[in-house]
Amino acid sequence: MSVCVVGAGIIGLSTACILQEAEPRAQITLIAEKFSPDVTSDIAAGIIRPYADADPRKELMIKWVANTYERVEKMALSTPEFGATVISGYDLDVAPVDPKVVWRDCLKGYRHVPKRELQDLGFYDFFQHGVFYTTFSLESSRYLPPLLKQFQQYGGKVRRQKLSSLQDLNEKYDVIVNCSGLGAGQLVNDELMRPVRGQIVRLDAPHIKHFYMFGDDHYVIPNSNTVVAGGTHQYDDWSTTIRAEDTNQVLSANFKYLPALKKSKIVKEVCGLRPGRSSVRLEREHLMIGEKATPVVHNYGHSGAGVSLHWGCAMDAAALAADSIHKPTSKI
């Protein structure tokens with residue numbers, strides 16, 4: 001059986017790898033216009049954390065984050081070349097965490113931060129509630145290349161191609177897995193897709209050891225060589241040009257919350273477009289590709305939560321694709 005996975009960001013690549021494990025006899029081809037280091041995933045700050053707002057289906061979100069955390073934890077222990085780094089830190093907000101969302105089950109060391117601790121850290125004037133937990137930092141520029149190499153070593157094929165429609169694939173594939181991210185707006189005419197522009201600043205700040213997620217969408221996340229200060233969430237903005245006013249705004253806010261950053265030198269300014277959607281689309285349908293009713297598994301629309309959800313969503317998408325492999329398709 002011949003399978004095509006469209007998209008080589010963290011969602012597409014992880015899905016291709018899981019499917020490869022589930023169906024070692026299938027011929028899997030990864031098709032994308034861009035590969036790392038030129039995909040949106042490479043710009044992401046890269047941390048596994050709760051994203052309660054990325055999808056209204058809370059139970060699914062918890063499952064996807066938990067499965068991602070578990071897989072990355074195993075990778076960190078067995079294959080250090082993937083660059084998964086253990087990191088602890090604070091997730092802060094002006095409102096308390098929804099008690100119905102039980103993140104403590106999938107994040108190590110999860111605890112609520114008491115008022116005194118927030119005051120001692122200088123955060124209480126800005127954020128009156130918070131949680132602390134231990135998770136993993138993933139730098140996609142280090143994480144994706146060895147993942148692609150592994151996919152190819154196990155027989156996966158790679159093709160660089162820009163698709164204007166899934167029809168461009170003709171009838172060559174028995175199953176298609178659509179992980180095209182923001183490109184799904186055009187590929188499958190999904191009107192719910194919208195760009196969410198994000199601009200970040202990488203700083204030379206080796207003294208910052210914890211991550212800090214601030215409730216107004218700003219954040220500070222240490223990576224291996226730099227510290228990421230973010231960010232912007234500008235909906236329906238297609239521009240990837242660096243804007244000085246955004247850099248100033250990002251730094252001003254983060255310097256206010258974390259004064260220890262103030263003397264840090266700027267290493268790089270980066271901008272990308274998140275694949276915004278009101279909820280993740282993870283489902284199967286049959287589309288006419290040429291004259292063949294082809295199973296198409298959709299796995300896209302993760303907004304800014306791709307890193308947190310990638311293995312969890314990949315497992316579900318690969319299960320749908322594997323099921324389709326064993327079911328016959330039909331022609332008109």
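Just so you know, glycine gets a Cβ as well, placed from its N, Cα and C.
Sequence-distant contacts of the signal peptide (1-16) (same chain, at least 6 residues past either end, Cβ-Cβ under 8 Å): 23, 25-32, 34-36, 39-41, 44, 140, 143-144, 147-148, 151, 156, 158, 163, 166, 169, 172-181, 183, 187, 299-300, 302, 306-307, 310-311, 313-314, 317-318, 321, 325. Positions annotated as signal peptide by TrEMBL: 1-16.
If you look up TrEMBL, you'll see 3-320 marked as domain 'FAD dependent oxidoreductase'. On the 0 to 100 pLDDT scale, the domain 'FAD dependent oxidoreductase' (3-320) averages 93 in the predicted structure.
Reduced to three states, the DSSP call for SER41 (FAD binding site) is helix. If you look up TrEMBL, you'll see THR40, SER41 marked as FAD binding site.
In this structure, ARG274 (D-dopa binding site) is part of a beta strand by DSSP. Sequence annotations record features per position, and here TrEMBL assigns D-dopa binding site to TYR219, ARG274, GLY304.
Each of ALA44, ALA45, VAL196, GLY198, ASP217, GLY230, GLY231, HIS233, SER303, ALA305 belongs to the same chain as TYR219, ARG274, GLY304, is absent from that list, and has a C-beta within 8 angstroms of the C-beta centroid marking the D-dopa site. DSSP assigns TYR219 (D-dopa binding site) to a strand segment in the three-state reduction. The binding-site residues in question are THR40, SER41, and the one with the fewest Cβ neighbours inside 10 Å is THR40.
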